[in-house]
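Record features (TrEMBL):
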{"type": "DOMAIN", "residues": "180-226", "note": "domain 'Potassium channel'"}
{"type": "TRANSMEM", "residues": "16-34", "note": "transmembrane segment"}
{"type": "TRANSMEM", "residues": "40-61", "note": "transmembrane segment"}
{"type": "TRANSMEM", "residues": "68-89", "note": "transmembrane segment"}
{"type": "TRANSMEM", "residues": "101-122", "note": "transmembrane segment"}
{"type": "TRANSMEM", "residues": "134-153", "note": "transmembrane segment"}
{"type": "TRANSMEM", "residues": "173-194", "note": "transmembrane segment"}
Amino acid sequence: MTAPSASTPPPHADRALSALLIVQAVSLFVAIPLSAQHPGWHVVLDAGHLVFAAVSVAVLAHNRMMRALLLAVLAALAVGPILGEQAVASRGLAAVTMHESIALTAFVFNGLVTALIARHVFGPGRVTGHRLQGAVLVYLNVAQLFAIAYGLIETRAPGAIVMSDGLRFANPASARTAALTYFSLVTITTTGFGDIVPMHPIARSLVNLESVFGHLFPATLLARLVALHLAHADDPSGKGDVGA
């Protein structure tokens, strides 16, 4: 058996997709909402982010340059808040600027990881059940990316996204994160309860884009993967393996 090349993901990468989906689901649907009410859940949320980042870098980033880039961004995320607090205290740097820098770094990291996951999910090879779960992971990751983007817009233009009664989001920041994550999830699934409303033109455009993605992704790409998974299940020999 030949060893995988530098551009080939390791054999256990498929299983890692399922593990990442579990971590992401716990973070989005349990840890983030509860951390807004119970500060102790921040530990669970941070642990989930750490596990997600470690697995992504170790398993999915098989290219050395990409792994180095992810590690650099991850280091910035780890050190950024500490250095930011010192800058706010000693140099008078605005706390809003620090928050924006951290959010942008998180957006870049999550965007890179989402691209790696999508490349593996839709790449050549058998479409396994793990890859189907990886496609769901891409869907959830995109929702998280939009949540970060909404937070950046709200930070830059306060009142860009408000509650339906016109009130701003409550402090602390974890409450706003939970509210915007909820808003992103109901937008990507086009549930649209109407309890949170985008007011800024850019926020409205992002909401439209996320809604379109939420409609098209399951109906096209995910459906294609399911079809290939069923075809591969009927072809145990693996001769019909093709990319998505």
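Numbering starts at 1 and runs along the chain as it is shown here.
From the backbone N, Cα and C atoms, a Cβ is placed for every residue, glycine too.
If you average pLDDT over the domain 'Potassium channel' (180-226) in this model, you get 93. Stretch with the largest number of CB pairs closer than 8 A to the transmembrane segment (101-122), among 16-34, 40-61, 173-194: 40-61. In the domain 'Potassium channel' (180-226), the DSSP tally of helix, strand and coil residues is 35 helix, 3 strand, 9 coil. If you look at the transmembrane segment (16-34), the same-chain residues 6 or more away from its ends with a CB under 8 A from one of its CBs are 41, 44-45, 48-49, 51-52, 55-56, 59-60, 117, 120-121, 129-131, 133-134, 136-137, 140-141, 143-144, 174, 177-178, 181-182, 185. Same-chain residues lying 6+ beyond the ends of the transmembrane segment (173-194) with a Cβ under 8 Å from its Cβ atoms: 28, 32-33, 35-36, 39, 42, 99, 139, 142-144, 146-147, 150-151, 154, 161, 164, 207, 210-211, 213-215.
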